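Accompanying notes for the structure given below.
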Amino acid sequence: MTSVAQTTSTPSQSAPTQLDPAVEAAAFKRLYPRKYLSRFLEHDRRPDGRPTDSWREVGVNAGAVSTANGSALIRLGDTTVVCGIKAETAEPDWDRPNEGWLVPNVDLPAISSPNFKPGPPVDEAQVFSQQIYDLLISSNVLPLRKLGIRPGKSAWVLYIDIVCINYDGNAFDAAVLAVMTALRNTVLPVATYDEDADQTICSRTETRNLKDDLRSIPLACTFGIFDNKYLLPDPSAFELPLCPTTITIAIDSTDPTSSSKSKSKSTKAAEPRIRLVRQEGMGGYAGKAGIEVVGECIGAAKARVRELSEKLYGQ
Amino acid sequence: MSANVDRRRILGPERSFPPVYAPVDATASGSGAKLVQDESMNGERANGEMRPLFIKTGLISQANGSGYIECGAVKIACAVYGPRPKPPPYSPEGTLNLEVKFAPFASHPRRAPLRDTEPPHLSHLLHSHLLPALQLHTLPKSSIDIYLLVLQSESPSIESVLASGLTVCAAAVADAGIAMNGLAVGTVTSLSGTATDSPPNAKPIIQLDPDGLQARAADARVTVGCLPALDALSDVWVTGEVTVDNLISMINECTQASQSAHATLAQAILEGEQNKTSGMLVGGT
Amino acid sequence: MSTADLLLPGQPLPARFNSTPTPQPGSGCYLSPNGKLVASIVGVPVRDGSIVSVKSRHEMSAVPEIGAIILPQISRLTPLQANLTISLVSSRPTPQSQEDFQGLIKLSDVRLTEKDKLKMGECFRLGDVVRAEVLSLGDARSYFLSTAANHLGVISATSAAGNPLTPVSWQEMQDTVTGEREKRKVAKPDDA
């Protein structure tokens with residue numbers, strides 16, 4: 001803790017006033033954000049006190065919302081997201097009569113950040129929604145056939161709504177973890193289609209856990225690159241706008257409790273699949289750039305996903 | 001394709017329906033009941049007894065002030081941003097912008113975005129309940145933006161959201177250090193047994209802090225905004241049919257209950273202050 | 001720290017602050033209709049002469065008020081006025097928002113003397129951080145500010161070459177790398 005206090009006072013030395021150091025640091029941070037950040041990184045610290053190459057602490061709380069079929073509350077440092085899954089029934093599309101729907105939507109509402117306004121989802125939220133949809137479909141997290149009730153007549157629609165309450169950067173990683181935790185937490189009633197009434201009827205007593213139908217559980221890890229020099233895992237809301245390039249990697253998680261048993265069966269399972277690699281911004285031509293940095297990210301992401309898996313499967 | 005397709009969201013099928021459950025089977029019991037309705041969990045509670053109230057301030061680090069409240073099944077997060085510059089025209093007083101939003105999963109059935117007409121109504125009501133507590137004349141040319149996010153509610157009643165919403169607003173405004181005349185708290189009572197079709201010997205029953213189903217079944221509902229420290233009311237919202245005498249006893253019941261809610265709120269604010277102080281010692285800004 | 005002496009909004013101030021004649025209410029409290037001073041924020045009561053106020057124990061973010069010293073940044077220059085964005089009031093950050101508070105310095109409020117010879121471009125440049133005083137609430141958009149005092153003016157700037165400038169006189173600053181001089185309305189440094 002003492003080292004944190006020391007680094008907090010470092011950048012404030014040149015701030016041009018005479019007040020309490022914490023206020024001075026806040027003033028310096030506001031006027032010269034880039035300088036503020038590089039002062040910290042020169043001392044191998046992030047402005048929130050963690051070492052440069054570290055991630056923020058994760059809190060996972062499954063089943064937080066009783067009005068949803070499945071839910072999760074995730075804290076990533078101060079970033080807080082809630083995911084609630086509500087199931088409804090609908091008539092399947094004619095061209096895929098056996099399949100249901102996954103409908104993920106991310107909202108970054110005005111409550112979560114001073115930079116968001118009330119109204120329809122901001123651009124960032126729209127991009128996140130599409131990316132989570134793509135991740136769910138391309139990774140075959142939940143085969144859509146598992147959501148069929150009666151071919152051509154009835155299927156489940158899972159509305160997966162992710163709402164950010166406190167946006168301190170990197171909401172995407174938190175949102176992906178929230179979706180996966182909520183899917184594992186989802187309980188559906190056993191449903192049958194009543195031909196005569198043209199209606200889907202749900203049992204009041206029999207349920208099924210969606211957990212048993214999940215094929216893979218990818219988790220996302222995001223990095224920012226600052227000044228072509230520093231690779232910042234899990235960038236905060238303050239750091240994110242200062243990073244022209246971000247890299248996101250999603251890797252399949254493995255259940256740490258079951259992996260010990262399955263190891264003997266196949267060695268292939270030991271190497272988790274990479275589900276997504278995305279670089280936003282063109283990256284640099286010197287320093288932290290190019291294929292090397294992507295390799296570095298993948299290495300760091302693997303370690304992080306192992307850490308996240310323990311939280312996820314511990315629920 | 002119709003012209004008003006929502007292009008900002010991922011869309012599911014054109015029409016979908018909330019689950020329809022089989023008729024109640026008297027012999028059935030167990031885990032499945034959880035899926036049906038989670039609201040009748042109040043069990044044995046006296047009519048004049050409020051459900052436990054949980055309040056915490058300062059959870060939303062991005063905001064200038066924030067609060068979180070749980071009362072019964074209602075869970076609301078609230079953030080205050082400001083004072084912020086208000087765009088022209090010039091106004092000698094501050095402006096209050098207040099928006100209530102429901103998470104789509106916050107009630108039964110799901111609240112589909114854009115199809116929900118309740119939040120604007122609720123925002124308007126809450127605005128008028130909170131306004132008398134604020135001192136907007138101290139904030140010329142500025143605005144205060146208050147956002148509430150309902151994470152869980154007791155459909156079909158919005159009274160409990162309004163009452164808890166008012167209390168959590170006061171917590172968040174106090175946390176933001178924005179001037180108020182006093183701390184506002186919201187309370188609800190419902191009245192039953194007075195409707196013309198009720199049995200002739202039925203006595204009026206006033207239920208404090210009714211849950212969603214009780215509120216819907218009641219003949220009248222009264223939500224009171226109260227500033228207990230000043231012995232003042234900020235607003236009274238009545239729905240349903242009620243005689244003046246009954247209305248007065250309902251309001252009295254509310255103001256009495258406000259005292260204990262006020263104590264809980266005050267305790268939460270003081271605890272929040274203490275957490276801020278210890279947080280600063282650790283070196284956070 | 002204990003919370004025993006903390007006041008909450010709506011709570012009357014302790015008797016020693018509320019004795020007759022009732023003191024003037026400062027910030028953080030108000031005179032209630034029954035003639036008592038009542039707190040309007042969470043804080044502790046402080047007496048300063050005949051004025052009693054309630055002070056928060058935490059540095060709250062601030063909004064511009066008349067007489068406050070602020071550190072705005074030049075965002076637009078015309079020959080007659082300079083527009084500024086205000087993100088710091090009395091060294092405290094204003095609440096973060098998509099739009100910052102706006103300030104405006106008229107040519108006549110830039111400095112005390114030789115107002116007729118003054119050229120805006122020789123006093124400020126875009127991006128300069130200025131120490132200024134709030135004169136009035138201004139118009140619908142901007143607060144009116146002044147730098148007409150020795151301790152007010154540019155406190156931090158970068159040169160045309162992009163290097164930091166240091167003050168060398170009350171109207172010139174010097175590039176720390178190239179040594180080239182540029183004209184500014186310089187604030188007298190704290191230690192000078």
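Just so it is clear, glycine is given a Cβ too, placed from its N, Cα and C backbone atoms.
It should be emphasised that the depicted structure is a prediction, and the values quoted were computed from it without experimental measurement.
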Which listed span TrEMBL calls region 'Disordered', if the choices are C:1-25, C:101-125: C:1-25
Distal contacts, the region 'Disordered' (C:1-25) - CB-CB under 8 A, six or more residues away: 31-32, 35-45, 47, 50-54, 57
Intrachain residues whose Cβ lies under 8 Å of the domain 'Exosome complex component CSL4 C-terminal' (C:97-137), provided they are six or more past its termini: 63-87, 143-149, 151-158, 171, 182-185, 187
Predicted model, mean pLDDT over the domain 'Exosome complex component CSL4 C-terminal' (C:97-137): 88
DSSP helix/strand/coil residue counts for the domain 'Exosome complex component CSL4 C-terminal' (C:97-137): 9 helix, 14 strand, 18 coil
DSSP-derived helix, strand and coil totals, residue by residue, for the region 'Disordered' (C:1-25): 3 helix, 4 strand, 18 coil
